[in-house]
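> Reproduced below are the annotations present in TrEMBL:
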| type | residues | note |
| --- | --- | --- |
| DISULFID | 52-116 | disulfide bond |
| DISULFID | 65-126 | disulfide bond |
| DISULFID | 96-106 | disulfide bond |
| DISULFID | 232-242 | disulfide bond |
| DISULFID | 360-370 | disulfide bond |
| DISULFID | 476-486 | disulfide bond |
| DOMAIN | 26-127 | domain 'SRCR' |
| DOMAIN | 156-267 | domain 'SRCR' |
| DOMAIN | 291-390 | domain 'SRCR' |
| DOMAIN | 400-509 | domain 'SRCR' |
| SIGNAL | 1-24 | signal peptide |
């Protein structure tokens, strides 16, 4: 006897068999990095099974993805890329034209007829774009009944007293089904369910709420319950990974008579909390974080780096998945992970690879608590793991806009500010406006990295009504989430040039270079040389010697601290100088053109940070000295060629080149700090400036010098000085 319950949803006809059904639903399972990829599994005859890769094609992959609510397939993978499945192999020799509505409609050997092994399980990668009606959740499934329920959207609806709160952390949980918003009965609701919902909305934790308030509201309001419960384990990245709970009997006003509509109350990370005291204390370690994100364009994304023995290192992407990525995201005060990225997609790090084959349950408080293999042999920085986290909806993008640009990634910066008791759009004064400020603007708008900062925007015809300056004296450190968090004059504006044509502007880019100095090369090539003054005339004219050299005789000697510098581009796009080709400067000492007049700072500091040797601002010709295997050199200094550093290449300035030194002639013996800073004026935008500084401990006895690199965890005291640039 077959008993079936059928309902018509927005996209498909969904039939529920309470006993047995020939074919029910699909899911993507296995060792996957994103929710829209995985091993294809079919629910048939009360049991989940896999699909063999024999004769599988992109047409079959398209059918699978559309059945799951995605617009199309991007690719498919044979040979159990997402791990070997268990149980039956339900389908083999699948032939699809691409027009079928379900995989079951494609030709095959029939259910259960297969000569394959699980080493042949097929997987697919679907497009992120969803079919209308599948906006948020693809499918909720139940292992007991063959059930396929499609939900169009999910939301947290705040009560009136909470609606103006940012971020919105508390309210009724509602799902949209059949075009109507419906509540969920809380009789089976658990903290694990709330944990998943909060993670989806960018919050690392959940807490109890005031039930008295919602009981009173429930009596006054008409309720419209959804017909199912939800059963989450707590480590799902989003609600679509949860199972369905029991079916709820809909009886009008008496539905869920012993319960209430589900309410969730989430705890934001400290960076998003109205005050730090209300933040999620377990997810934010101000004193010394053990995990950080680097190289990401937007809030809550980046390459994962771990601190071990005072040295930051990366994580190898072997076995990297959403569970591990979610642990990182929650640890840093974000929600669950949207993506676990592999293959150095958010830039390659430097230094050691600290963790490999990371395996997390999803409930660890820190990535360092997960199981991992300390042996990273065979892992390179091409395999650096990264994450994209869910972040709270803060409305940052509603208070800032770019106007007049040729595309959405450029334009005059306009800010929504309070003026005479009302909110008006206005411009930002361009005095002191630079790349760091532009970086914050691009991040706030979700447009990636800064490409350029403009102090004149007359060529962009912005909104005339927004010409007046509403923000001046802006100075950012680069870590702010919004322009309003940067230092600025407040209500007391000071902008002599005014707004209009002199208003601040930006251009943004989805990718950026990332320069990193190889500290070991500096450490291993440093030495002292006494060089006669008569062969240093060219260097003296270029201000590469200390001021006492001006009075030195040609027969005297200068003591030089010499070293090589090897500067890698670990970003996602080439590093190119801002100066136009025709404005480059010829340098007689080096016999080539320099495209950046100030590319590095070399300094010798006392232990309290004061300069003891007059460092100099070194100018460079930028070229690809050497590249990683398979990458072709693109830039060279000879013959007035194009200058830059290609992704995956490095520019080496050898120790024996003029000006590749610090003049220490007047330095007395003692302990010092040797400091090198790349791109010190932030002239060219990068994805990460914090790795542009190298410091070494330095001991000088008057005849010899000893150098040891200070680990990167000790060098960030340089960056507060960025505000004084």
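Indices start at 1 and increase along the chain as displayed.
Using the three backbone atoms N, Cα and C, a Cβ is placed for every residue, glycine included.
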> Could you give me three numbers for the domain 'SRCR' (400-509), the DSSP helix, strand and coil residue counts?
19 helix, 40 strand, 51 coil
> Take the Cβ of residue 360 (disulfide bond) and count every other Cβ within 10 Å, whichever protein chain it belongs to.
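Neighbour count, Cβ to Cβ under the 10 Å cut-off: 23.
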> To what whole number does the mean pLDDT across the domain 'SRCR' (156-267) round?
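Mean per-residue confidence for the domain 'SRCR' (156-267): 84 out of 100.
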> Given residue 52 (disulfide bond) and residue 476 (disulfide bond), what distance in Å do their CA atoms have, once rounded to a whole number?
55
> Across all the protein chains here, work out how many other Cβ atoms are within 10 Å of the Cβ of residue 65 (disulfide bond).
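Summing over all protein chains shown, residue 65 (disulfide bond) has 27 other Cβ atoms within 10 Å.
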> What is the separation, in Å, between the Cα atoms of residue 65 (disulfide bond) and residue 476 (disulfide bond)?
44
> Output, ordered by sequence, the same-chain residues six or more apart from residue 370 (disulfide bond) with a CB under 8 Å from its CB, or 'none'.
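Set apart from residue 370 (disulfide bond) by at least 6 residues yet with Cβ under 8 Å, we have 324, 327, 358, 359, 360, 361, 364.
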> Of 52, 96, 116, 126, which of the disulfide-bonded residues has the most Cβ neighbours inside 10 Å?
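Answer returned by the neighbour count: 126.
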> How many Å separate the Cα atoms of residue 232 (disulfide bond) and residue 116 (disulfide bond)?
33
> In whole Å, note down how far the CA of residue 116 (disulfide bond) lies from the CA of residue 126 (disulfide bond).
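So the alpha carbons of residue 126 (disulfide bond) and residue 116 (disulfide bond) sit roughly 24 Å from each other.
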> Please work out the number of neighbouring Cβ atoms within 10 Å of the Cβ of residue 486 (disulfide bond), leaving out its own Cβ.
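Around the Cβ of residue 486 (disulfide bond), 20 other Cβ atoms lie within 10 Å.
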> Counting by DSSP, what is the helix, strand and coil composition of the domain 'SRCR' (156-267)?
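Counts, helix then strand then coil: 32 helix, 33 strand, 47 coil.
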